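Asker: To start, I am sharing the structure in question, which I have written as structure tokens.
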Amino acid sequence: MRARPQVCEALLFALALQTGVCYGIKWLALSKTPSALALNQTQHCKQLEGLVSAQVQLCRSNLELMHTVVHAAREVMKACRRAFADMRWNCSSIELAPNYLLDLERGTRESAFVYALSAAAISHAIARACTSGDLPGCSCGPVPGEPPGPGNRWGGCADNLSYGLLMGAKFSDAPMKVKKTGSQANKLMRLHNSEVGRQALRASLEMKCKCHGVSGSCSIRTCWKGLQELQDVAADLKTRYLSATKVVHRPMGTRKHLVPKDLDIRPVKDSELVYLQSSPDFCMKNEKVGSHGTQDRQCNKTSNGSDSCDLMCCGRGYNPYTDRVVERCHCKYHWCCYVTCRRCERTVERYVCK
């Protein structure tokens, strides 16, 4: 009996969704670049793991950027693990780059977050590197056109966000511009989420000031535009992750677009993370779906949040254990000017999931 055409189409679409989805974040493997690799010659670009040919070309033509890109990859790893430390999915699989598990291989909510964070991180790192004078191709950001406010004056060195966004997008979006990398739906999803990450970075630009005046009177303040820390951007993106929208690839007019699965009468909002495939609950270990499980994960007995023992342990229960903590105590200030402390030890009770 021959399969019906619509069944075949559905199977092909499902297969496409599972193929090559994480191609755009393989560059995070740069976090493992040996410090001994100088990255001062173009032939070094071929030795870097996780890059597509377009990124290798960008490396060769912008060699001075690569230390900053490596730094960005390392910052993504740290920021993701910190942001999800209290969740069942704790971003541990990101450290397997470039050989990800299915939690990041597929078009999941988790991959949406990592794409957004990666795009934000590389632009953030480049913008900051311009400010610190580490890149010969850029300097401080432009002086804002609006007045700084009473008692303030523009000065200092602003983070060069425009240059960071330009060069960051060229590098992080390059894999999605390659023709043979998965389905069109996946490409649209990845590009959309990367732009959401850059949007979150733009929103983090704020006025920072330094006081001047006699005896700290702060009669005049020198101000500039600076980016928040990447961890703050990650926190913003985590909020968007929690409210991410599941989408489908459907015709709208003469072209196909990503539209919300449960409300396909409107286009996807520019500010929302989107995903194509639902994730497992990450309760049990199952590498087929990219789940490490939560067995032996630490939980908080008194919390009502995602790190609570009830939620983290998925109802399986938990085991208590005692831990000895050494900390500074009985600190005393001495004139002038130092502090002495004693070292105290106390026992705390902790809990891990069964």
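Here the Cβ of each residue, glycine as well, is placed from N, Cα and C on the backbone.
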Asker: Check for me: which candidate out of C337, C341, C344 does Swiss-Prot give as the disulfide partner of C329?
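Answerer: Within the candidate set C337, C341, C344, Swiss-Prot assigns the bond with C329 to C344.
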Asker: Could you pull the disulfide partner of C140 out of C80, C91, C157, going by Swiss-Prot?
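Answerer: Candidates were C80, C91, C157; Swiss-Prot matches C140 with C157.
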Asker: Tell me, from C218, C223, C283, C353, which cysteine Swiss-Prot puts in a disulphide with C313.
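Answerer: Of the listed candidates, Swiss-Prot names C353 as the partner.
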Asker: C91, C331, C336: which of these disulfide-bonded residues has the highest Cβ count within 10 Å of its own Cβ?
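Answerer: Neighbour-count leader: C91.
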Asker: Which of the disulfide-bonded residues C130, C329, C331 has its Cα nearest to the Cα of C309 (disulfide bond)?
Answerer: C329
Asker: Under a three-state reduction of DSSP output, how is N300 (N-linked glycosylation site) classified: helix, strand, or coil?
Answerer: strand
Asker: Compute the C-alpha separation of C353 (disulfide bond) from C299 (disulfide bond), stating it in Å without decimals.
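Answerer: Each residue's Cα considered, C353 (disulfide bond) and C299 (disulfide bond) end up 7 Å apart.
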Asker: Rank the glycosylation sites N160, N300 by how many other Cβ atoms lie within 10 Å of each Cβ and give me the one with the fewest.
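Answerer: If we count Cβ atoms within 10 Å for the glycosylation sites N160, N300, the smallest count is at N300.
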